[in-house]
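OK, TrEMBL features for this one:
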- 6-27: transmembrane segment (TRANSMEM)
- 61-87: transmembrane segment (TRANSMEM)
- 99-116: transmembrane segment (TRANSMEM)
- 137-153: transmembrane segment (TRANSMEM)
- 173-191: transmembrane segment (TRANSMEM)
- N190, D250: Mg(2+) binding site (BINDING)
- 198-216: transmembrane segment (TRANSMEM)
- 222-239: transmembrane segment (TRANSMEM)
- 246-267: transmembrane segment (TRANSMEM)
- 273-292: transmembrane segment (TRANSMEM)
- 321-341: transmembrane segment (TRANSMEM)
Amino acid sequence: MVFLLGLLLFSWFVSSLLYLPFIRLLYRWRMQRHNQKTLDAFDKRTPIFDRFHQKKAGTPVGGGLLIILVTTILFPIAIGLMKYFWIPITAVYPIASEIKILLFTFISFGALGLLDDIKKTFGFSGGFFGLRLRHKLILEILLAAVISFWLIFELKIDIFYMPLLGLFRMGWWYLPFATLVIIAFANAFNITDGLDGLASGVLMIGLAAFWFISASILDTPLSLFIAIWIGSLIAFLYFNVYPARIFLGDVGALSFGATMAVVGLILGKAPALVVIGGVFVIEVLSSLIQLLSKKFLHRKAFAVSPFHLWLQYKGWPEPKIVMRMWVISIVLAIIGLWLGILTKVPAL
């Protein structure tokens, strides 16, 4: 644990040194949020959304890219140092496969999000960067399916444990199940990332719970990865709290949501994942209800969605919403942690 805490602090220190020059670099590249008209899934204007986000125009996007770079570089270095100094590395699964799945999820979904950020920032409508919504969803499904395939055939994970009901071995059904979980959390995180410090703060709280669980089962690679990730995330959050000087962007949102889901699946704690990530679940469900209501009832279920935007519409100040969501996340993380420890089942 001493090594893990030291690694977290080192990741925070390195990221803290890099963020100011990185923000200046994003300004130089003109990777900034523009004051533009937003369209929903039905290509309809969203005036309420635009009104609340008008003041955020000009803020750099893409802050998640630095977290991905720092974590991706420090993670294998940390593994190498442990091997060099003969520090024991314990894992529930084959170490190489676990590292591959974590980094592939982190980088591939980040790359997909970066394409989307470039499209939004520079207004590409065609060519390689002109990624449409359906193309983006297809790529998400393909990436999530590959990751789910590896979870089944390399880590031998195909179980689902429900409290009170017991253990279910899902076999091939685990493939669509895991794929759906990964895609759902990737997009739920993206939807939640609409207020300064909201998504990143909620993520940090959830990762702390998963870090405790991974350390309790002596999964060294996963514990190292989460420690480095949290350290870099703390540095980002300093610049992301209200009023934000930088946003995660889709590069961070898609990557972090998908990877959080994979962490929960690797730990064999899918029910705990839903509870720990409860704020993300609430956000995506509110958007889904709104979408289905427009589609089938031809009217809105809410004046505006997702949930955090509805609270803004009701008059809640942005910092108040974020702080309350953090408090809710802490409570949910404790419940999810209790649930995760309570359901100690072999993940093999």
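Positions of Cβ are set from backbone N, Cα and C atoms, glycine also.
Note that the coordinates shown come from a computational prediction; the quantities given were computed from them, not determined experimentally.
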Ranking 99-116, 173-191, 222-239, 246-267, 321-341 by Cβ pairs under 8 Å to the transmembrane segment (6-27), which is first?
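The stretch with the most close Cβ contacts to the transmembrane segment (6-27) is 222-239.
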Give the number of CB atoms, excluding that of N190 (Mg(2+) binding site) itself, located within 10 Å of its CB.
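Step by step: centre on the Cβ of N190 (Mg(2+) binding site), count other Cβ atoms within 10 Å, giving 24.
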Sequence gap of 6 or more, Cβ distance under 8 Å, 3 or more pairs: do the transmembrane segment (173-191) and the transmembrane segment (246-267) meet that?
yes
Counting Cβ pairs under 8 Å that are 6 or more apart in sequence, does the total for the transmembrane segment (137-153) and the transmembrane segment (222-239) reach three or more?
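Between the transmembrane segment (137-153) and the transmembrane segment (222-239), contact is absent.
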Below 8 Å between Cβ atoms, which of the listed ranges 99-116, 222-239, 321-341 makes the most pairs with the transmembrane segment (198-216)?
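Comparing 99-116, 222-239, 321-341 against the transmembrane segment (198-216), the winner is 321-341.
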When you measure from the Cβ of D250 (Mg(2+) binding site), how many other Cβ atoms are you left with inside 10 Å?
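I count 27 other Cβ atoms within 10 Å of it.
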Taking 3+ C-beta pairs under 8 angstroms (sequence gap of 6 or more) as contact, is the transmembrane segment (273-292) in contact with the transmembrane segment (222-239)?
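Answer no: the transmembrane segment (273-292) and the transmembrane segment (222-239) share fewer than 3 Cβ pairs below 8 Å.
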Hey, does the transmembrane segment (222-239) touch the transmembrane segment (61-87), meaning at least 3 C-beta pairs closer than 8 angstroms, sequence gap 6 or more?
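Between the transmembrane segment (61-87) and the transmembrane segment (222-239), contact is present.
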When you scan the chain for residues with a C-beta under 8 Å from the transmembrane segment (99-116), skipping those not six or more beyond its ends, what do you find?
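Distal contacts: 62, 64-65, 68, 71-72, 75-76, 79, 128-129, 131, 136, 139-140, 143, 146-147, 150-151, 154-155, 182, 186, 190, 221-222, 225, 249-255, 257-259, 262-263, 266.
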